[in-house]
Every structure is written in structure tokens, then in C-alpha cells.
Amino acid sequence: MSGREELQVRRRGALYLSVVAQELLEAESSGVTPCHEGYHAVDALRMAATNRLEDVSVESLAAASARVRAAFDDHGLKEALAAALRRKKPAKFELVHQVLPRLYCGGWAALNNDCAVLRRHKVSAVVSVVSSTIQRSLPAFITSRLHVVVNDAPEADLLTHLPRIVRFIDENRMQGRSVYVHCGAGISRAPSACIAFVMSKSGLAFPEAAALVKRGRPCARPNEGFKDQLRAFESQLRESRAPAMGGGGPVPQQRGDAAAGKDIPPPLGVETVGSSKNVPAGGDNRVDGTAQNGSDAPLCGSSPTDQPHNLPSLVVAPPPVVEEKEKREQHQEGGRAGGMGVEAGAEAAVAAAEAGEDELGV
């Protein structure tokens, strides 16, 4: 195995460790004191696994993985992490999740297999928010694309690109196209772009928009720098709307069509509670707006009872998932990746299925 191939396998293992660890942290945070050191270590590992190949090394990945394990050990989660790593696949990290009608969010892996997942969801426009300057060739049914080069790092400048991303998504959705927004893992950059779009078109504040996106893409977790930039983008939106509201005063918090000029319909299969239409089959997952007291803090979802009473509840169909046949094919494909990196055996196989055959540094 060449040095580059070894690094790719280790990055897949590192990505697998980061997504499993994040899922475990979010599950644990609901009942105990959050493991802040764990979150920071997991974020750092994910960034190393999904940014440019030139920016990482085998040694830096090993060190980042060791910091994750040490943080979990210190927080009494060593055995829980080991057990989670033995699972076949993290539950919440499917390839593609629907955030809004004609708006999907995920990672790079959905572009593998000739974009079969996107074809099934009738996606014809793609936004790539990635580290690589090289644009991947896409099949002919993808008729519109936007390539934005941004690292997953707190200091990376995503804010400058948000108006262009929002405009691209809006124009394609208005023309009836479904849009897929992706980054490397579908955890930080792509969800941040979707949050910006939701804020722009719905009038929701950052905490509410982040909660909505997270309900669609449960693993969404923008890095701390992106959270600050999204708050700055929210301020820009409020200032731009102020003249239309008469100037001077704050812009009221609004939801839905009233704030969006009917440009952003409710999510597919979504009806306001109490409407005459039936709740879609498959569950009663509620999107109720922001976290308790308007905090944007855990970006990990919150219970309906924690939500402000003045925000209307929405009943949402559960996010689309990948069919079992496709999962098995991806798992088999991942098993052929060869060579064990930082995480051995099943971990590397599942990681390869998550990341696909191509470079993770995208």
C-alpha cells in the first residue's frame, strides 16, 4: 500500500470514529453533563478527515483519534464508545436527508455509484461545499451545479459564499429542480449552507433554522466558527429587511410563507398541526422551532416541551433513508478498500461505505 493509499484508509477510519463518537455524545448529552472536551476532539478529528489531503498526515490523524478516545475515557464513556464502534453502522448518518421540499443535505458519498441515490430522489442540481478545487464529473441528469471551496475549519470564510449559495438553491428550487447540498461528511459545511438558506427564505432566526435543519439531517453540527458566521449572516439579513419594515426597529421573527413571500413551502409531507390533512405515515417527528430559551446550544435537537409556545408545530415525515440493498452494496464495496488504518476491520469497511471510493479531502 502506498503512503497516499494508507492515508486514505486512515482518513476513512478517522471519519467513522468521528461520526460514531458524535452520535454517542448526542445520545449521552440528553441525560448527563455534556462532554465538551469530547465534542471539541470529535470536531477536530472530523475536520482532519474531510479537509484537503495535503493538510493531514498519518501521524496527525492518529493523534486526533487518540484525543477523542482520551476524552471519552475521561468522561467515563470508554466502554460505550467501544461498543458503539462494534455496531455495523451509525444510525443517524445516512447518505441523504431531506431538509425541505426539493432540498437535500448530505456528504460526498452520495455522489458515488453514478449518483444513484440522487437519481432516485430526482435531484438535478448540486452544491458542493468542499476543500478540493477539482470539480468531480457528474452524470448528465445533474444539469446545474455550484462548486464552493471552503475548508471545514472555524477560521474558514464561509460567510462570503453564503449569498451565492442561497441564490443558487433558491433559483433552482423555483425552477422545480431538487437541490443536493453536500460537503465531505454532511455534518458541518453542507448543513451550514442549508441553515443559511432557511434563514434567508423563512425569516427564522439562527437557532430555529438550525433546529429545523437538524431535524432533517440529525447529524448536522456546524463548527463553532461557522455558527458565528451564520449569526453574522442572520444580522445581515435582518439589516437588509429593516428598510422594508420601515427602518430602525427590529425585524419580527416570522415563519413560513408570510416571511418568505411564499418562496419556501413547508417540507414535503408537512402540515400545520390541526390541518385537515393526515399525518404522513412513519412517525410524528416535530419541528417546533428553537431550543429552550432561544439558545442555539446543543444543535442536537430538543424535546417539544422545551419549545416556545408561540411557534407553530409542524408534523414532518421522517427523513428518507438508504434502502437495505444499497447499504449492502456499499458495505461490500467498502470491504474491498483493503488494508486497515487507524480503525481496523469492520470500522474501516463501514467508513469506506460512508466515504465512498473517492478522496475524502473534498
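Glycine too: its Cβ is placed from the backbone N, Cα and C atoms.
Feature annotations, courtesy of TrEMBL:
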DOMAIN    94-239  domain 'Tyrosine-protein phosphatase'
DOMAIN    160-218  domain 'Tyrosine specific protein phosphatases'
REGION    240-341  region 'Disordered'
COMPBIAS  322-334  compositional bias 'Basic and acidic residues'
Checklist line | Tally of DSSP helical, extended and coil residues in the domain 'Tyrosine specific protein phosphatases' (160-218) | finding: 40 helix, 5 strand, 14 coil
Next item on the list: Take every residue in the domain 'Tyrosine specific protein phosphatases' (160-218), average their pLDDT values, and give the whole-number result.
Entry: 96
